[in-house]
């Protein structure tokens, strides 16, 4: 995916050195955007192998409103282990905000249900938005949302999605985020009777950790391979009815995985 390689090269060429919360240090740029046409293949990196199973399970976990890692652990997904407490809880993170945003009068807002209904009934709305950035609950979260806010857009029978990501771990996190939101866009499009359009990824602080620079250069040296296709069970009509078995990745032939440490 040239868009992603261009981002990494831009950071290596133009980035500034910054300190960060984890103490690792980064090379960073501010404000960057990528666009992926979902009709041209599923945007899963081919220049290193990614674990699509983890991405899919995490997205299904978000959509169920879950904030305990038990479901992930039961499915051999460990990407949230470093942040969970001794009981597996993460506080009111993504799934809670997506499905149960608390209101001052003690009620809760299911943003996912609301946005799907709005897409179906008022597709030209400019309010097709879901936010995970709840200022009043940031301190309760084990990790504040990195991918904080997304908006849908309907035109010509296609559903597009733009994500704003405040903090972007470009080597490890961003490839997961691209695939996750591309899949979410396809799922929402299906249940709304639309085709998938574009996924637009807007980054705030886009950074390579200082211990990922050599891995990034190795990845940049690799040739692109054809993008895979993601097949979704067409019988699923509700965004909350999807199961892991409803997704089939076809034609994925990536270069080998590149190991890199997670900054916690």
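Even glycines carry a Cβ here, placed using N, Cα and C.
What Swiss-Prot lists as dUMP binding site is 21, 126, 127, 166, 167, 168, 169, 177, 207, 208, 209. The annotation (6R)-5,10-methylene-5,6,7,8-tetrahydrofolate binding site is assigned in Swiss-Prot to 51, 169, 263 on the grounds of sequence analysis. According to Swiss-Prot, the feature active site, nucleophile maps to 146.
Rounded to a whole number, the C-alpha distance linking residue 51 ((6R)-5,10-methylene-5,6,7,8-tetrahydrofolate binding site) with residue 127 (dUMP binding site) is 33 angstrom. Neighbour density for residue 209 (dUMP binding site): within 10 A of its CB lie 23 other CB atoms from the protein chains shown. Here the CA atom of residue 127 (dUMP binding site) lies 21 Å from the CA atom of the residue listed as 'active site, nucleophile'.
With all protein chains in the displayed structure included, the most crowded Cβ environment within 10 Å among the binding-site residues 21, 51, 127, 207 is that of 207. You'll find the Cα of residue 167 (dUMP binding site) roughly 13 Å from the Cα of residue 263 ((6R)-5,10-methylene-5,6,7,8-tetrahydrofolate binding site). Rounded to the nearest whole angstrom, the C-alpha distance between residue 127 (dUMP binding site) and residue 263 ((6R)-5,10-methylene-5,6,7,8-tetrahydrofolate binding site) is 35. On a Cα basis, residue 263 ((6R)-5,10-methylene-5,6,7,8-tetrahydrofolate binding site) lies 12 Å away from residue 207 (dUMP binding site).
Rounded to a whole number, the distance between the Cα atoms of residue 263 ((6R)-5,10-methylene-5,6,7,8-tetrahydrofolate binding site) and residue 21 (dUMP binding site) is 9 Å. A straight line from the CA of residue 263 ((6R)-5,10-methylene-5,6,7,8-tetrahydrofolate binding site) to the CA of residue 209 (dUMP binding site) spans 8 Å. There are 20 other CB atoms within 10 A of the CB of residue 167 (dUMP binding site), with all protein chains counted.
Under the DSSP three-state reduction, residue 209 (dUMP binding site) is assigned to strand.
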